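Engineer: Here it is, the structure in full.
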Amino acid sequence: QLNYSPDW
């Protein structure tokens with residue numbers, strides 16, 4: 001599973 005979650 002590849003999930004991109006930015007911290008901005």
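Cβ coordinates come from backbone N, Cα and C, glycine included.
Not measured: the values here are computed from a predicted model.
So Swiss-Prot lists the following for this protein:
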type	residues	note
MOD_RES	GLN1	pyrrolidone carboxylic acid
MOD_RES	TRP8	tryptophan amide
Engineer: Give me the count of other Cβ atoms within 10 A of the Cβ belonging to the residue listed as 'pyrrolidone carboxylic acid'.
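Structural biologist: Cβ-Cβ neighbours of the residue listed as 'pyrrolidone carboxylic acid' within 10 Å number 2.
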Engineer: Please report how many Å separate the Cα atom of TRP8 (tryptophan amide) from that of GLN1 (pyrrolidone carboxylic acid), as a whole number.
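Structural biologist: Here the two Cα atoms are 21 Å apart.
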Engineer: Could you tally the C-beta atoms, other than its own, that fall within 10 angstroms of the C-beta of TRP8 (tryptophan amide)?
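Structural biologist: Excluding its own Cβ, the number within 10 Å is 2.
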Engineer: With H, G and I counted as helix, E and B as strand and the rest as coil, say where DSSP puts TRP8 (tryptophan amide).
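Structural biologist: DSSP call for TRP8 (tryptophan amide): coil, neither helix nor strand.
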